[in-house]
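K.L.:
Annotations per TrEMBL:
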- 18-149: domain 'Anaphase-promoting complex subunit 5 N-terminal' (DOMAIN)
- 230-329: domain 'Anaphase-promoting complex subunit 5' (DOMAIN)
- 428-470: domain 'Anaphase-promoting complex subunit 5' (DOMAIN)
Amino acid sequence: MMTNGVVHANVFGIKDWVTPYKISVLVLLDEMTISKRMTLLERRRLNKLILPLQQGPDLTLRHFLKTVEECSAETAFAVKLRLHMMVVGELKDMESFFDTLPNPFSDAESEASKTSVVGLFMRHMLLAYNKLSFSQVYKLYTALQRYYDDCLGSQPGPPTAPPVDADMELSEMELTTPRRCPLSQKQAEYFLARQAYLLKNDENKALKPAALQEELNNMLKFNPDFAEAHYLSYLNSMRVQDVFISTHSLLHYFDRLILTGGDGKSNGDEGYGRSLRYAALNLAALHCRFGHYQQAELALQEAIRIAQESNDHVCLQHCLSWLYTLEQMKGSDSSVLTEDSVKMAAHFGLPYLASLGIQSLVQQGATGGKAANMLMDALKDTDILHWKHSLSELIDISLAQTTSIWRMYGKSTMALQCAQVLLNMNSLEQVDFGVQQNNTEAFAVVLCHLAELHAEQGLFGASSEILKHLKERFPPHTQHAKLWMLCDLKIQFERAMNDGKYHLAEPHVAAIAALDQMEGLYRKGLVMKAQNQTTDAYRLMLGVPEQALNILHEAMEPILAHGALLDKGVGRGLEQAVQTLDEAAAYFSRMGCKDRLRDTHYLQARLHHALGHTAQRNECALLFRMVDQELPPARANLANRL
């Protein structure tokens with residue numbers, strides 16, 4: 001996408017290829033060529049760094065030296081020292097540096113040979129430098145002095161030897177603050193491509209929303225028609241749910257795309273129409289994201305109309321996919337639309353859309369109570385499609401969805417295995433920009449499942465560690481942070497309920513409802529029921545106790561086999577008498593569920609009394625009294641409820 005930009009280097013104010021930053025890179029390359037003390041590991045790390053330094057945007061000297069220091073502290077010190085000697089000397093010192101550089105044309109055996117990456121860079125630098133007039137060379141030297149002084153000029157005398165002292169350290173502010181200097185065309189395209197890739201695969205490594213927007217605004221001041229910058233602004237605004245800027249940027253992107261003829265497929269009238277229909281489609285997707293269903297429907301109708309006039313079947317299939325998505329978001333039954341979308345996508349050879357449709361049908365089937373084996377068969381068919389076409393993103397989504405379904409149907413062991421498969425699977429996508437794994441929604445979903453599964457088994461320490469990892473991997477400002485926030489609140493709610501601290505559980509209900517209305521409503525009913533507010537709680541209830549009893553009998557065996565410790569304790573209550581109550585008490589004790597533990601001790605005492613086990617009865621009665629004294633007095637005990 002970024003290769004279609006029409007931005008020229010002069011637009012950004014860069015007239016010469018030689019810059020102070022490029023001179024710093026050249027000093028590093030020269031040092032790597034002549035150094036004999038560099039270890040093999042250090043040289044390997046620096047070799048990996050060469051291309052990003054050459055092709056990436058200009059860095060501040062402090063950031064540049066910090067990057068080199070992470071690979072080789074001694075080399076960073078040598079580069080810093082050579083730059084210092086150059087800027088505190090005279091103009092002839094910089095000229096002497098260029099005169100003593102290895103000749104890429106003469107020495108084919110050195111790292112600076114004309115066919116190597118280092119040699120090509122040196123060749124460009126030497127050719128550009130030799131074309132400069134004397135006045136331009138002088139301006140370059142003064143720019144190099146300012147470049148050095150801006151970061152390190154306050155140091156008296158030459159730099160000290162490594163280990164590097166505090167002046168070499170970079171603060172988080174310096175790493176994330178946008179640069180004020182203009183960019184060349186290649187640098188701008190690299191910057192936009194890198195940030196777009198990070199937003200998709202590892203948002204945590206991208207610039208913060210405010211910093212990225214400031215950089216984009218600075219870029220657009222020099223070239224307002226840079227379409228790709230407008231599109232990245234749209235993606236960045238979606239991160240923070242800014243409806244105004246995201247809509248504004250999206251419309252500007254398509255306006256510039258049409259004006260510059262940058263449509264990748266075609267030009268002329270057809271290119272103009274294609275941009276219009278995809279603009280309407282993207283606008284519909286944006287309104288869906290913000291819950292503006294009426295505006296989304298109008299934009300979809302416009303996209304469908306233009307696509308039909310142009311006989312664009314691919315665009316029509318995308319429109320149909322968003323149409324059934326919109327119906328689902330509105331709470332309507334969209335199964336017929338989804339099935340039609342899957343059939344048409346398969347007919348036109350669009351496996352990505354066909355697979356998305358099947359996954360949507362599986363989700364609808366799960367919430368509708370369809371048999372688990374039918375859903376798993378459907379997912380198995382989509383997995384074959386994913387691997388056949390190497391659809392890496394959909395493979396991740398499918399594994400996350402399978403994990404969710406196993407958990408929904410009470411198969412905790414299978415859910416754990418599915419989650420581990422995804423977390424330990426290598427991505428099929430090419431690794432770029434230092435991103436080693438996808439920090440996508442699918443990964444966030446399975447990690448949340450793992451946290452909840454561990455909490456259900458009473459392993460709260462492990463659950464906390466998983467949540468801590470989630471918070472580091474998906475910070476609060478990222479788009480998937482909502483998932484772990486909801487997961488954390490649900491776990492806190494369950495712990496408060498288990499401890500009988502309903503006054504602590506109530507605030508969590510409002511917080512959960514803010515993230516998920518249905519989850520909040522369900523938990524509000526649980527709190528009311530626990531507080532004996534049966535009249536109010538009866539309004540979440542469906543009023544079909546016979547059906548509830550049938551479901552209970554069907555669910556008993558899976559709960560005992562795969563359920564949480566709390567569910568196991570509840571399920572075995574009175575059916576297996578003393579032995580089962582002992583096991584239930586152990587479960588409740590591990591979970592810290594004092595309210596239910598008290599009820600269990602009460603039942604144990606009654607059973608032992610009926611059986612004539614006086615010693616055991618007295619022991620259980622003592623345990624009951626000890627737990628009862630720890631709980632709030634307003635809570636009705638089991639005897640009253642019976």
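Just so it is clear, glycine is given a Cβ too, placed from its N, Cα and C backbone atoms.
No curator has checked TrEMBL annotations; they are predicted automatically.
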K.L.:
Taking the domain 'Anaphase-promoting complex subunit 5' (428-470) alone, what is its mean pLDDT?
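P.N.:
Per the prediction, mean pLDDT sits at 82 for the domain 'Anaphase-promoting complex subunit 5' (428-470).
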K.L.:
Would you mind splitting the domain 'Anaphase-promoting complex subunit 5' (230-329) into helix, strand and coil residue counts from DSSP?
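P.N.:
Here the numbers are 85 helix, 0 strand, 15 coil.
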K.L.:
Give me the DSSP three-state residue breakdown of the domain 'Anaphase-promoting complex subunit 5 N-terminal' (18-149), ordered helix, strand, coil.
P.N.:
96 helix, 0 strand, 36 coil
